[in-house]
Amino acid sequence: MTHDSPPRAWVDVDLAAIRRNLETACRALPGTQMMPVVKAGAYGHGLEAVARALDMEGVTFFGVANTGEARRLSRAGVRTRPFILGPAFPEEREEIVLNGWCATISTMEEAQHYQSLAAMYGKTLPIHLCIDTGMGRAGFLPDEWAGLGDALEAMPNLLIDGVVSHFPSADEDPVFTEVQIREYADAVSLLGNRFRFRFCHISSSAGLLAYKVPGANLARPGLMLYGVSPVASPWSDALLPTLKLFSRVTLVRTLPAGHGVAYGRTFITDRPTKVATIGIGYADGWPRHLSNRGARVWIHGCSCPMLGRVTMDQIIADVTNVPFLVPGDEVELIGSHIPVTEVAERAGTIPWEILTSLGPRLPRVYHGA
Ligand SMILES: *Cc1c(COP(=O)(O)O)cnc(C)c1O
């Protein structure tokens, strides 16, 4: 890897840990096939590297967000078929049909378009029926389910071989989730009278860790592969951390008492304060919402409070307790001392957003390939 300047911040990725977390997903739901979700650059870890690391692990699909990600997988030589999790635009569908990527349908308009493209190219397109059991984002609604058999019978180039749904609150509402599971299972058996489904799936990480879904034979873990458990489960402790975020000190100075720190001077020193300027900012995905929220960084074994606002490329930390600090020294922002869940909580968001915000300016360094 070449860079214009020495990296001021980087992401360290443990591919072996991601493989171990996939094994844990398999052990949590024995006999269930897996669709590792690698959308959004594999949650900040790097799309191609993660997909290559899992490609030979016996997985059924890779979950991606769009055709651009699917194309990147095939260009990287990945053999596992991409599954496009969300609806595709009309202009994406030809490429889906030509490559035999797996897509979902939520409307008859999509079904008809895929049918005519597949017929034009003389192909049979495997496709999954998306059913809305409560997420409200995509899928046929319950009053449409009974009519799907007749409506899709007239589309011979579509092979309806899966039925997909999604949990909106598997990590926070067990009562609703149990009702939803019954509705999904009923839908699978109703639709199973007309379609021969090879893949029935509804669970992402939280569903996989906390529920058994009758009739489901495929699961779509994302966050848990990256070492974070969205729910308390007996398997949570088995998940290994997969990502560390590091930066480096660029300056060490001592500010006098009464001196402001960063934009808006939202922090004023109340004593002479040794401060480090650190080469990471919100342009790298270190959230500006961490400003003045009690966030910290880890330097030479010491927990150091962040002072003032996060700026675009730099932050400032109180390093009064760190002896012998010089420019170039390493700073941990996410890692064994600072979990991503803590960063998310302080920033008022969720770990998914912290991970997927880690920007392209951060080089990814891989271990355990
Ligand atoms: C992103 C996504 C997942 C993965 O969710 P996690 O909570 O990260 O496990 C699974 N299914 C669908 C449809 C998704 O959009």
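We count from 1, first residue shown onward.
Every residue gets a Cβ built from N, Cα and C, even glycine.
All annotation found in TrEMBL is predicted automatically rather than curated by experts.
Keep in mind it's a predicted model, so treat the numbers as computed, not measured.
The N6-(pyridoxal phosphate)lysine annotation in TrEMBL covers Lys39. Taken from TrEMBL, the feature active site, proton acceptor applies to Lys39, Tyr263. Summarising the annotation, TrEMBL assigns substrate binding site to Arg137, Met312. Feature annotation from TrEMBL assigns domain 'Alanine racemase C-terminal' to 242-367.
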Densest Cβ neighbourhood among Lys39, Arg137 (recorded positions), 10 Å radius: Lys39
DSSP three-state assignment (helix, strand or coil) for Arg137 (substrate binding site): coil
Spatially closest candidate among Lys39, Arg137, Met312, the listed recorded positions, to Tyr263 (active site, proton acceptor) (Cα to Cα): Met312
Between the residue listed as 'N6-(pyridoxal phosphate)lysine' and Arg137 (substrate binding site), the C-alpha gap once rounded to whole angstrom: 17
Three-state secondary structure, the residue listed as 'N6-(pyridoxal phosphate)lysine' (per DSSP): helix
Coarse DSSP state, helix versus strand versus coil, of Tyr263 (active site, proton acceptor): helix
CB contacts for Met312 (substrate binding site) [other CB atoms within 10 A, all chains]: 11
Residue counts (helix, strand, coil, in that order) that DSSP gives for the domain 'Alanine racemase C-terminal' (242-367): 23 helix, 46 strand, 57 coil
All-chain count of other Cβ atoms within 10 Å of Tyr263 (active site, proton acceptor): 13
